[in-house]
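The next block holds one structure in the form of structure tokens; read it before the comments.
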């Protein structure tokens, strides 16, 4: 046995070493992550005046939930919820300090339109419930805007999205109005009534409301989950002063630039009103959302009882404190003076918050990276001197180790992705959807194997003792540091603000190197490893914390990520990246133990065991009530009218827009799928696939849509009524104008496809789609919804017909009506069909009509 082997620790210490990091995750990271404050009760109010009382907000949330789903155009949304807001504001008005504050209420009924992705998003008679609280002794005309929405998705009571934020706003308003703490700038509380439509009511407010042009800063409150702490995931843009106030006044910070960049890269399948306020009102602000437990998001299980009181207390404390701070901020007088670029921001396990400008971040990242590279150079010089080797010989060994380590990183990323591809190929994607812990064996262990394998084999079989093994292990750490430094610098200069995570790893490793130099432990056996291990505790805690948060947010979202992409690739890649950053400076330490290859065998055995569990019933993705699968379908009646008025097609069926990668496999044992067919061929031949595609998301996923014919005719509650008012032909200009009147349900779409060389030169809708011809191609999609105002829609098209015969078909016109809310009954046949789905599936459905005309 060689002398180096004798000096190595016994193999059975290796499991304890790895277990130490797992204990840190379980005993420190998870309790900190899930920690919530105890919610204040109403009876505590007299001892803690001026503080947010979670129990009061909780009671309002219960009443909010009892209203049921709040779809735009429904009685629940337009009447009951607005009345609830009226009642709560009147209670606040009775208890407020009338000598200090003035409270104004305005219910805006608004109509308008804007471009939303590939469609015109048009609305009529939507409601915004707006409250302005002002100090009577203030003359400021600069307002803070706080926004949330009270509408919900079909079938969901919306207690998490966005009822929790609505009641937080009400309680914040009550505390401010009943407190004697003054504030300078008025605060506008916007309870908007159409966010899910999407984002219509916020557009109506910011472009048309009398108070909108005075709004100087924004706090936007939304949800992509239900419960836990609210994450700050968008800021600014270009207003770092906002982060100064968040840093100082947020009592429980929870924020990261990583979430901001993921969201703005459209990886997150959601959008918020923040974008509307930013793009149409140029109002800088902070965007918050509850992101945990996204499994119940937009389902009937998004209820009062899954939202802890501590969630309301945590969010309420933060928003109340921020509202007071912004309402007294001098920057509110002229915010544009403080627009100085993007911010880099992150909290450390909720204990404290760090932020700096993007320019400062570039300097910090580059300086830390360069200093670490210099320290590595000093280390090489000392290794060479201690080993009586030339620098060239030492560097030759390092270059080999660097190449092997890069190969290890490739394997650390590649093996989890390979697992993702294999499981998807076997129709076993999303096995972790209900059992999140499965990712440890499926992705984390393979990543660790890949990270360790090349250098471990090198050290096991390399018999060259001129450079002692402890130095070679240090070289592996140096190789990792050099790789991170290069990645950090490159990502910094391409503008990725999330590159701060690489800087954090480098910073603590650099500190360990300096301490080892100062204590001379660098050259003495294995004692240097103690400082390195201790230096990695804090970065490990942070990396485990942030990647656990990201996984907890993103994994439920994969249930509505669509069918095109394999979600295991995203989750596996995320786990691999987290493993590399958390364990990159830790995993090489296994080489300090005897029989270190047994560690890899243990990890391999763990991966095998977890894989077997994943393909067993344990890995079935869905669980009733808590982790449900999502199936969206339309109960469709479609009729095709020809130019002479005859009907060429009249059929009924169900149009499925499956929400996750498993498609229909989990329900095929419960539902007869034998007649299901893809609509891709129809999409090639018919305008809008000949289907009532609801919005731009349905249009985007249309090629994966499934049609299930039904022998029983769909019982549509009513059908839209399209009336051709007149047709005017101008033979001189070759223009034809068609005037129409359309009456129907609160959600409708108009599709227009000119044919035979005909072009649309004007219409009564938003002109953008016609003006930007290179961006928007026919068929054109105009989505139209209404709230309180159900007046019919009058519209016209002006067509340039060229050489076309005016007495022949000039265009196709499609009209779809969506009977989304439960004011419209479902037929008995549909109710029976819905009940045939298993209890682990949430069905979001509604009757829908589609009529195609030729004019």
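Including glycine, each Cβ sits where the backbone N, Cα and C put it.
Just so you know, TrEMBL annotations never went through curation; they're auto-generated.
Because the structure is a prediction, the values reported are computed rather than measured.
When TrEMBL is compared with the stretches 341-359, 569-587, 626-644, the one noted as transmembrane segment is 569-587.
TrEMBL lists transmembrane segment for one of the ranges 311-333, 403-425, 656-678, 679-701, namely 403-425. Residues 437-461 are the range that TrEMBL records as transmembrane segment, among 262-286, 437-461, 712-736. Across 403-425, 437-461, 473-494, 530-557, 599-620, stretch 530-557 shows the highest tally of CB pairs under 8 A with the transmembrane segment (569-587). Among the stretches 12-34, 403-425, 437-461, 473-494, the one making the largest number of Cβ pairs under 8 Å with the transmembrane segment (368-391) is 473-494.
Of the two recorded stretches, the transmembrane segment (530-557) lies close to the transmembrane segment (12-34), with three or more CB pairs under 8 Å once pairs fewer than 6 apart in sequence are set aside. Beyond the ends of the transmembrane segment (12-34), by six or more residues, the same chain brings 228, 349-351, 537, 540-541, 544-545, 548-549, 552, 582-583, 586, 589-590, 593, 596, 598-599, 602 to within a C-beta distance below 8 angstroms of the stretch. For the transmembrane segment (500-518), the residues of the chain that approach it from at least six positions outside its boundaries are 257-258, 344, 346, 361, 364-365, 368-369, 371-372, 375-376, 378-379, 382, 477, 481, 484-485, 487-488, 491, 528, 531-532, 534-536, 538-539, 542-543, 546, 581, 584-585, judged by C-beta separation under 8 angstroms. Long-range contacts of the transmembrane segment (437-461) within its own chain (CB-CB distance under 8 A, at least 6 residues past either end) are made by residues 400-401, 404-405, 407-416, 418-420, 423, 431, 469, 472-473, 476, 479, 551, 555, 571-572, 575-576, 578-580, 583-584, 587-588, 590-591, 596-597, 599-600, 603-604, 606-607, 609-611, 613-614, 618-619. Within the chain carrying the transmembrane segment (473-494), a Cβ under 8 angstroms from the stretch's Cβ atoms is held by residues 361-362, 365-366, 368-370, 372-373, 376, 379-380, 383, 397-398, 401-402, 404-406, 409, 455, 459, 502-503, 505-506, 509-510, 522, 528-529, 532, 584-585, 588-589, 591-592, all 6 or more beyond its ends.
The average pLDDT computed over the domain 'Endoplasmic reticulum metallopeptidase 1/1-A TM' (395-609) stands at 94.
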